[in-house]
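Sequence annotations record features per position, and here TrEMBL assigns active site, 4-aspartylphosphate intermediate to Asp411. Residues or ranges marked as domain 'P-type ATPase N-terminal' in TrEMBL: 39-93. Per TrEMBL, domain 'P-type ATPase A' is recorded for 126-199. Here TrEMBL flags 69-84, 292-315, 346-365, 913-933, 963-985, 997-1019, 1031-1055, 1061-1086 as transmembrane segment.
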Amino acid sequence: CTCAMCFTLICAGEENWVDSRTVYIGHKEPPPGAEAYIPQRFPDNRIVSSKYTFWNFVPKNLFEQFRRIANFYFLIIFLVQLIIDTPTSPITSGLPLFFVITVTAIKQGYEDWLRHKADNSINQCPVHIIQHGKVVRKQSRKLRVGDVVRVKEDETFPCDLILLSSSRDDGTCFVTTASLDGESSHKTYYAVQDTKAFNTEEEVDTLHATIECEQPQPDLYKFVGRINIYLDRDEPIARPLGSENLLLRGATLKNTECIYAVAIYTGMETKMALNYQSKSQKRSAVEKSMNAYLIVYLCILISKALINTVLKYVWQADPNRDEPWYNEKTETERQRHILIRAFTDFLAFMVLFNYIIPVSMYVTVEMQKFLGSYFITWDDEMFDEELGEGALVNTSDLNEELGQVEYVFTDKTGTLTENNMEFIECCVDGHVYVPHAICNGQIMPGAASMDMIDSSPGPGGREHEELFFRALCLCHTVQVKEEETVDGIKRGIHQGKATSVYISSSPDEVALVEGMKRLGFTYLRLKDSHMEIQNRDDEIERFELLEVLNFDSVRRRMSVIVKSSTGEYYLFCKGADSAVFPRVISGKVEQVRARVEHNAVEGLRTLCVAYKKLSPAEYEEVCHQLSSAKLALQDREKKLAEAYDSIERDFILLGATAVEDRLQDKAADTIESLHKAGMKVWVLTGDKMETAAATCYASKLFRRNTQILELTTKRTEEQNLHDVLFDLSRTVLRQHGSMTRETLSGLSNEYHDYGLIIDGATLSAVLKPSQEGSGGNYKEIFLEICRNCSAVLCCRMAPLQKAQIVKLIKASKEHPITLAIGDGANDVSMILEAHVGIGIMGKEGRQAARNSDYAIPKFKHLKKMLLVHGHYYYIRISELVQYFFYKNVCFIFPQFLYQFFCGFSQQPLYDTAYLTLYNISFTSLPILLYSLMEQHINMDILKRDPSLYRDIAKNSLLRWPIFIYWTFLGVFDAVVFFFGAFFLFDNTTFTSNGQMFGNWTFGTLVFTVLVFTVTLKLALDTHYWTWINHFVIWGSLLFYIIFSLLWGGIIWPFLNYQRMYYVFMQMLSSGPAWLSIILLVVVSLLPDVVKKVLCRALWPTTTERIQVSPPWPLPQAFSWLARVPQPTQPLPAGRLDGGVGGSTPTGCGSIGHHCFSVLHSIMAFFPLNFMMWPLMRLLVRMKHGKASPGCCPDC
């Protein structure tokens, strides 16, 4: 086709590049004979972030909910109850399932309605389009690809646009991309040179042009295209289009009156919409434990049903023991094949016991996570006054994971440091210049003069010095704002006068330009492609800006080509020392290198500055290289990189700069606390090794006695990588082994703390797949070294390498929980890769905060988020999960035992109402409130003593031994309920008229003991009592009693039969029933109380040591507990006892306090008090064996 021919003509060698689109500006056909007009279909400008529509909400939501195993399981049980004759009503399974599905659907529907609302507000925004030389107003959703749009100052771009012209003479416009990447700094975008003169609606309407560009892709910073402009029907003029011409949807026009631009990507094809794609689903360790426990209980359920089915047919093998008459089986049913009958019975038993699987646990967990996440957003201590923002929760699914973190991966710049650059000094040919503090464009108080250190340069040095200052005034992308206000905020006012304010996307550049201003060279403006600077003699110098070789993270440098007023061509370059020194052929390299290394050790950010003069012929060659690379549609970035590489060579070194990025407030304290909590902290940064290492020392990641191990390119050049790794491995493993032995014998005085430094190049070599068999795979050796280092610094890291490091640790054999924290777009990859991603609302943008699971204003807030919120979340949800399984075992195991006494007839023990409401009403609210409000330790203690975090590490509260303990406790309690009631009632009449209790009365008694026991068990575990706890716990018990009285005390017209009529009242009218309830509840709770007292007295955890301090003064009757002598013994490092470090009471008083901490919970309710006091007395006597002198009189 003609279009393909045109591609070949304009860009030879790119005929294979077909992944493109052609946009006709203003929907105008190209001139006849130019190229074929092939209209293409593109989506409209409608944005859709919602998940459902009105029509598909019900089926789609149900499909998604029933993909969850527990919901699908209960649906199957419900269908079985409908299809076959089962012992319980379908309502008992259907109602809880309906409740769970409905609550979840309402929550998801509400969230989607909010998304619809947000979409509509965006899609109905007015936009102004140029049609037939006039401005037409339309809704944003009606915008089409090819429309020419007019955008005014402070308006947001409605779609992705190519800038055609601007109200500014030079065809530039200023844009903020805060809503895209959070960067509030102004960025400069450029109109095409041949279209910037079209400044009115009529002129724009006369433009004949087409744009050929790549198909939409999500990279915000990449765009490749070409515009063909038809003038007087000659051959079209082709001009390259890049990211500097592309205005992204969501960005805002600033400091420019208006622009004209053409739409090239609309709706869901805009780069912003393509970045909406959902992140991979992260699952917490608690959720994985829940699923594992669910499978165990499913196996228990199947086993129960199988055992009962087999025993039923064993029982009925005796002809005298046929099925009971009350099962009402028809003759047809009796004549069925035995396998069909057995399978039907198996399903019936599955239905009978299915309540052991807690379906309501999932909705309770979801509510707990959703509601609990508000405690982070409401935390005033995590609110930053400067930003005016607090912490944000982007996903509540990982709350408890905050309490399980083992590895913390943090960025340096803007995360550990403030990203608030302060110009410190510059070095020119070995001469050092130090102006007073200049911070991000704001001259600090007292900066009225400048200091110069070292001897003044000679005549030749003077020329180099001025050339250095000019280089820094010209080699940047800084914009100048001369008004007093920037975005409505007054800035740049110095000594009562309005001065120019520098604006840039890089704080480093602003600091450097301001530094030059203090040293006598002031950058004034960029006007008509000419940069103006004012020298020391107050003369204005003009340089024509010819080319900008933009900075990128691979080259780590930027360059400009300028033409002076005398006609000389200069190429100025600034960049990292590693990117500039290899390209220098002359200059005082050693003196500058020494100063750079000195500043790097001090923790300063350094840049080197170099230049070279170009002859007119060389400049023409450079122009040819750049233009051919820029016009390329295929592999443009690669060709540009090759062009830059050939141009940026043979420099003359001028000097270097040093800028300081101060450490954030309390960053060192936070890292120290994380170390004490047992977490390993890794710093992943793109900075040079010396700068990053200095920051690590300042932030206490490395201590002065830390032995630094280097795994860097410099070392691997001197020694083979294989040898370096094995040397390091031998060093840390030998020390680790000796440390372990000496620590055990108490002789270790010289324990070495190791810190590892690795750079990006060496990491690539370590992670490279093996080429030499098993011997070439270094990952395991590297991981072994890292495991034995207290801290690791990874410098010169690319964003992808940060994610690779996180992935490597995640996949290691221990499978630790990882957390990544950063503030810039370059940290997004590691934030998405880690188990928990935290973004900092920093100066490098909000992209990290938007892509994270949680966002915090400052690094210091991480301490409270992990040590307090994470600790509480994990404690609460682990109790919630274990308690749910426990109370369902207590609920269903008596039903299992009952089958042995009813001929395995599938007779239910409990009434249908009790079966249905047990998990929904009677026992759900207390555990939900506990999981929201429990504070087993005061939050101030958690912050003061980070070692408490170790007590919950590695999912310690959801390990299999604890799960088995809770399960056996549930089985024990169920046996007590059932057999206690059975033996107490055996062959006995209880009512005054001689009536015996029936099976429903027996079941109600068991159920009453059950409800009271599981509720009081939770009360025993509660440490933090408020009026809400009291209201919910005692209110739940009261609700059960009132419901039972009403359910059995009224004849309900909608029931066909009412087997519970008067049963509850009859049971309560019996004195022995009251005694049985009290006695069985006490006996059920006793083992757990004894276990708590013994464990706290003999094997206390750090947490339990803290809890021994009585929350209120001892009563007079217990005062002897506090008078007992307290011998001491040494405590392991990091173990505190109620705020007293270094020792722990081990005498009678210690036992008393351990007992008292349990007694504190028990004192919340009366029935168990009478059994605790003798138990504590007995423990005290057992501990001492005989009375101690000066001990309590009772001894």
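Here the Cβ of each residue, glycine as well, is placed from N, Cα and C on the backbone.
Any TrEMBL annotation is an automated prediction that lacks curation.
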Notebook entry, point to check: Which of 69-84, 292-315, 997-1019 shares the most C-beta pairs under 8 angstroms with the transmembrane segment (1031-1055)?
Noted result: 997-1019
Next item on the list: Give me the stretch from 69-84, 346-365, 913-933, 963-985 with the greatest number of Cβ pairs under 8 Å to the transmembrane segment (1061-1086).
Entry: 963-985
Note to self: Give me the DSSP three-state residue breakdown of the domain 'P-type ATPase A' (126-199), ordered helix, strand, coil.
What the structure shows: 7 helix, 39 strand, 28 coil
Check: Looking only at the domain 'P-type ATPase A' (126-199), what is the mean pLDDT?
Finding: 85
Note to self: I'd like the Cβ neighbour count for the residue listed as 'active site, 4-aspartylphosphate intermediate', meaning other Cβ atoms within 10 Å of its Cβ, all protein chains included.
What the structure shows: 29
Item checked: Cβ-Cβ under 8 Å with the transmembrane segment (913-933): same-chain residues at least 6 beyond its ends -> 88, 91-92, 95-96, 99, 355, 358-360, 364, 367-368, 371-372, 876-877, 879-880, 883-884, 887-888, 891, 1003-1004, 1007, 1011, 1014-1015, 1018-1019, 1021-1022, 1024, 1026, 1028-1029, 1032-1033, 1035-1036, 1039-1040, 1043, 1047, 1060
Item checked: Tally of DSSP helical, extended and coil residues in the domain 'P-type ATPase N-terminal' (39-93) -> 27 helix, 0 strand, 28 coil
